[in-house]
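J.: Before anything else, here's the structure in question.
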Amino acid sequence: LECHNQQSSQPPTTKTCPGETNCYKKRWRDHRGSITERGCGCPSVKKGIEINCCTTDKCNN
């Protein structure tokens, strides 16, 4: 599986995730504004963090 791994509005980058079946995109707000984190897997998140998990190559941009 290939997942995007750039932060927030950085130019898109991807990484290969051997053995993974999910990519994720996580969003939250802090004093700097809205933060977006992308990567492999489907981590559990704390309340107040929005997460989208998906199962196809580069689906988490």
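Backbone N, Cα and C atoms are what each Cβ position is placed from, and that goes for glycine too.
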J.: For the disulfide involving Cys53, grab the partner from Cys40, Cys42 as Swiss-Prot records it.
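T.: Disulfide partner per Swiss-Prot record: Cys42.
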J.: Sorry to bug you, but what's the C-alpha spacing from Cys54 (disulfide bond) to Cys42 (disulfide bond), rounded to the closest Å?
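T.: Each residue's Cα considered, Cys42 (disulfide bond) and Cys54 (disulfide bond) end up 8 Å apart.
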J.: Tell me, which disulfide-bonded residues from Cys17, Cys53, Cys59 are within 10 Å of Cys3 (disulfide bond) if we use the C-alpha atoms?
T.: Cys17, Cys59
J.: Looking only at DSSP and grouping its letters into three states, which state does Cys59 (disulfide bond) belong to?
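T.: Note: Cys59 (disulfide bond) is coil by DSSP, not helix or strand.
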J.: Any idea what the Cα distance is from Cys54 (disulfide bond) over to Cys23 (disulfide bond), rounded to a whole Å?
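T.: So the alpha carbons of Cys54 (disulfide bond) and Cys23 (disulfide bond) sit roughly 5 Å from each other.
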J.: If you draw a 10 Å sphere on the Cβ of Cys59 (disulfide bond), how many other Cβ atoms land inside?
T.: 17
